[in-house]
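> The following block contains the structure, expressed as structure tokens.
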Amino acid sequence: MVNQSSPVGFLLLGFSEHPRLEKILFVVVLCSYLLTLLGNTLILLLSTLDPRLHSPMYFFLSNLSFLDLCFTTTCVPQMLVNLWGPTKTISFLGCSVQLFIFLSLGTTECILLAVMAFDRYVAVCQPLHYATIIHPRLCWQLAAVAWIIGLVESVVQTPSTLHLPFCPHHQVDDFVCEVPALIRLSCGDTTYNEIQMAVASVFILVVPLSLILVSYGAIARAVLRINSAKGRRKAFGTCSSHLIVVTLFYSSVIAVYLQPKNPYARERGKFFGLFYAVGTPTLNPLIYTLRNKEVKRAFWRLLQKEVEPS
């Protein structure tokens, strides 16, 4: 992965030109990270310990929670160090590892959200055949496909990005080592890398998002055919949490990876990148717990077990 122009390290600029904003962001990011650890760990525990949550929906949700834990832990500790003190450097090896894991997990989440949309489509549109179609073996296969696609994407794109001839100042205009920021740092021809990123964006962002939209289009038609208002609310309630998560995740990712080339878009992209890396992993467990009665009931059952005398 290392070429002759590979620096000893990079300087992650972030919002270094706004020191006061950095102190505020440090507190926000730290609180968000703690909530991420707490919320996603809780979902993993509930999905594992409560037999009533041993279903395909919560199997995929536990995959998402584990992914979010890994995703934030990859970048947030380094981000906190950079936000708090004057030292904003990251070693070339550290940047390489961060880029590889960031790409892999980000791609996996795109595919996993599409898989979860397919699960909701079958639950609403084919309820009588749900257990037959979404059987445990298929769940493991779909989850494995999502993780493997993420790994393959990172194996392909990380080396080509790190082989770029970087400018001598080594200043990455971002919080983390991401592909768009490293491409901007290059002083050589980046045509191949930009084409590669565009193609990857189509297959990893546009295609899964299109499948999600098709799934929810079919779900909307099925819900509208339900006669009772209570039935429609119940059917929509099974999908609303996932739909909110999809909206938050894809809107921020598209803003980062498909932004136009101008300074204003770049600054705006930093905020979206921060939300994509820190905000969505924090909000995901909150959305699924606050809007999901089964998760809340499982939580209270777990608490009751803990307080019961032995």
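Including glycine, each Cβ sits where the backbone N, Cα and C put it.
Sharing the features that TrEMBL gives for it:
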DOMAIN    39-288  domain 'G-protein coupled receptors family 1 profile'
TRANSMEM  24-46  transmembrane segment
TRANSMEM  58-79  transmembrane segment
TRANSMEM  99-118  transmembrane segment
TRANSMEM  138-156  transmembrane segment
TRANSMEM  198-224  transmembrane segment
TRANSMEM  236-259  transmembrane segment
TRANSMEM  271-290  transmembrane segment
> With pairs fewer than 6 apart in sequence excluded, do the transmembrane segment (99-118) and the transmembrane segment (236-259) have three or more C-beta pairs that lie under 8 Å?
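In contact, yes.
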> Tell me, please, if the transmembrane segment (198-224) and the transmembrane segment (99-118) are in contact, taking contact as 3+ Cβ pairs under 8 Å between residues separated by 6 or more positions?
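Checked: the transmembrane segment (198-224) vs the transmembrane segment (99-118), in contact.
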> Suppose you look only at the domain 'G-protein coupled receptors family 1 profile' (39-288); what would the mean pLDDT be?
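When the pLDDT values over the domain 'G-protein coupled receptors family 1 profile' (39-288) are averaged, the result is 87.
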